[in-house]
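What follows is a single structure, written as structure tokens, with notes after it.
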Amino acid sequence: MELLGQKVKEDGVVIDEKILKVDGFLNHQIDAKLMNEVGRTFYEQFKDKGITKILTIEASGIAPAIMAALHFDVPCLFAKKAKPSTLTDGYYETSIHSFTKNKTSTVIVSKEFLSEEDTVLIIDDFLANGDASLGLYDIAQQANAKTAGIGIVVEKSFQNGHQRLEEAGLTVSSLCKVASLEGNKVTLVGEE
């Protein structure tokens, strides 16, 4: 997705050779028009897969996931990082390690909203080592739901997340693939 690639190159801030900050349009302030295009693109790629639900994790995955859900005309379900007192009827849970935050969290999804009748498209903002996507896939498996694929907004292709997801048998669609953050510069796949 060319527009997204331009935005990553122009507005992304390289923190170090493994961390890219995109707070200006994705992780803090959200460019709604760009996220609409992201959602539309995921719809075009997965529209024939019988998607019944978009699954993501709070918080940064919600914006692209909700836009995808609008295009699919299905609900968006996000895994919570804390169990609310209102969740009393059972839930699926898994542990997910955040590469950026270097923190492991237990995330949960209510059994009320995910079942074997669902075909989910997992959406996430970033793909580094693949832990978040694999954790969401684990939750879908616990529910006996089918996973149609994984939609990633920005993939750090120099890390092993894509490979890990494919080794798990998952279809991965990354809209922007970053080849390198070396030299304090964003280099996209195909520009090396």
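Each residue, glycine too, has its Cβ placed from N, Cα and C.
Residues or ranges marked as xanthine binding site by Swiss-Prot on the basis of sequence analysis: Leu20, Asn27, Lys156. If you look up Swiss-Prot, you'll see Ala128, Asn129, Gly130, Asp131, Ala132 marked as 5-phospho-alpha-D-ribose 1-diphosphate binding site, on the strength of sequence analysis.
Where Swiss-Prot records a feature, it is marked here on the structure.
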residue : record                                              : Cβ within 10 Å
Leu20   : xanthine binding site                               : 20
Asn27   : xanthine binding site                               : 19
Ala128  : 5-phospho-alpha-D-ribose 1-diphosphate binding site : 23
Asn129  : 5-phospho-alpha-D-ribose 1-diphosphate binding site : 17
Gly130  : 5-phospho-alpha-D-ribose 1-diphosphate binding site : 26
Asp131  : 5-phospho-alpha-D-ribose 1-diphosphate binding site : 18
Ala132  : 5-phospho-alpha-D-ribose 1-diphosphate binding site : 28
Lys156  : xanthine binding site                               : 24
Listed binding-site residues among Ala128, Asn129, Asp131, Ala132 whose Cα sits within 10 Å of Lys156 (xanthine binding site): Ala128, Asn129
DSSP three-state assignment for Gly130 (5-phospho-alpha-D-ribose 1-diphosphate binding site): coil
Farthest-apart CA atoms of Leu20, Asn27, Lys156, residues recorded for xanthine, distance in Å: 16
Rounded to the nearest Å - Cα separation of Leu20 (xanthine binding site) and Asp131 (5-phospho-alpha-D-ribose 1-diphosphate binding site): 17
